[in-house]
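Reading through the structure tokens given below for one structure.
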Amino acid sequence: MKLAMIGFGQAGGKIVDRFLDYDDRTGSGIVRAAIAVNSAKADLMGLKNIPQENRVLIGQARVKGHGVGADNELGAEVAEEDIDEVQNAIDAIPTHEVDAFLVVAGMGGGTGSGGAPVLAKHLKRIYTIPVYGLGVLPGTDEGGIYTLNAARSFQTFVREVDNLMVFDNDSWRQTGESVEGGYEQINEEIVRRFGILFGAGEVGDGQEVAESVVDSSEIINTLSGGGVSTVGFASEEVDMNTGGGLLSRFTGDGGGDDNLDAANTTNRITSLVRKAALGRLTLPCEIEGTERALLVLAGPSEYLNRKGIERGRKWLEEETGSMEVRGGDYPREEPEVAAAILLSGVTNVPRIKRLQQVAIEAQDNIDDIQQESEENLEELVEDDEDELEPLF
Ligand SMILES: Nc1nc2c(ncn2[C@@H]2O[C@H](COP(=O)(O)OP(=O)(O)O)[C@@H](O)[C@H]2O)c(=O)[nH]1
Ligand SMILES: [Mg+2]
């Protein structure tokens, strides 16, 4: 499926930038247009793949390109004030060729946390295609203000979008990694998972069309109904040349191999589906109670079969209790078989419950937190000035 991606704030911009890179590497063709919006000029300059004309600096009159720090109320204000500048960039892209918008942002900071929900609301008013969010939750070690920002932004964002897909940094922290190095890896994990999901509906002309290929409408139907989504993923390397018993037939080593290979293919698929659903999700949660799910099996077509996907789908129905589990193939020439599972409308999410609790408790000590936020902002502006000296 073809997306117009808008990265709001630093995390949002970097992740969209990385989606472009993924598209390039894999030829998946999901990013029809990519835009980055930020109040910090240095963050926009740090991007690699998003075209210069699609980098929109907002809030110049207020913060002079230095960013809003961790003040997400200011982030929301500058987004509202400069929404026309964002719209100008969107006007320049062919939205009639796009299946949906994807607004990507870190929920814990200022610009993306405050601005992404504002943009989502604006897009919903103007366009008829779905507007999805990809929200990144902060690590709990980042501090109170980030958690509070996330708690507030999350509530607004989920209300404004057609579906909010969530990635929780806290569950993906690597120990002993620098923060930046850690983000590189995390961002790669993000684009891989969502790349397979959205790429599934975008099988190109020259590519082999499988019997049960996933199309865009199935992704859209799974996401419709709103709420919060999480993604599970598992993969296994395979040999590109010996799959499906083709080679064994040519070399003549055994006539009964086809059945054995088919059984292997089915077993591989069902075990990948279990691993994907029961392993680490982008937002950890109880999968029981999921409203809708989509299972995508990606890999060389000789490693995909209908029986495996059907079994995986049935198993998912039992585990989630959902009556709406879709499933299908995504044939692609990569030396791995991968299962990506979109669980949409999840209800039992401990992290979200904690965030909601934080939002409630925050009403009690709002003054302390506001002061912390203002100090952060002052520090950041000072830091930024030092950093920006050689650039301008
Ligand atoms: N996954 C991921 N998360 C990030 C990255 N950079 C920042 N974050 C997270 O996003 C939150 C907001 O940071 P940032 O995007 O810099 O704030 P903003 O620029 O004001 O929107 C942080 O608290 C981190 O949790 C990144 O590259 N990848
Ligand atoms: Mg930042």
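Glycine too: its Cβ is placed from the backbone N, Cα and C atoms.
Just so you know, TrEMBL annotations never went through curation; they're auto-generated.
Quantities reported herein were computed from a predicted structural model and do not represent experimental measurements.
Every protein chain considered, the tally of other Cβ atoms within 10 Å of the Cβ of Asn187 (GTP binding site) stands at 20. In the three-state DSSP classification, Asn187 (GTP binding site) falls within a helix. According to TrEMBL, the GTP binding site annotation covers Gln10, Ala11, Gly12, Gly13, Lys14, Gly110, Thr111, Gly112, Glu142, Asn169, Asn187.
What TrEMBL records for 2-195 is domain 'Tubulin/FtsZ GTPase'.
Taken from TrEMBL, the feature region 'Disordered' covers 373-392.
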Among Gln10, Ala11, Gly12, Gly13, Lys14, Gly110, Thr111, Gly112, Glu142, Asn169, Asn187, which the record lists as binding GTP, the farthest-apart pair of C-alpha atoms sits at a distance in angstrom of 20
Identify, among the binding-site residues Gln10, Thr111, the residue whose Cβ has the fewest other Cβ atoms within 10 Å in this structure. Gln10
If you check the binding-site residues Gln10, Gly12, Lys14, Thr111 one by one, which have a CB less than 6 Å away from any atom of ligand 2? Gln10
Sequence-distant neighbours of Glu142 (GTP binding site) in its chain (C-beta under 8 A, six or more apart): Gly108
What count of other C-beta atoms do you get within 10 angstroms of the C-beta of Gly12 (GTP binding site), across all chains shown? 32
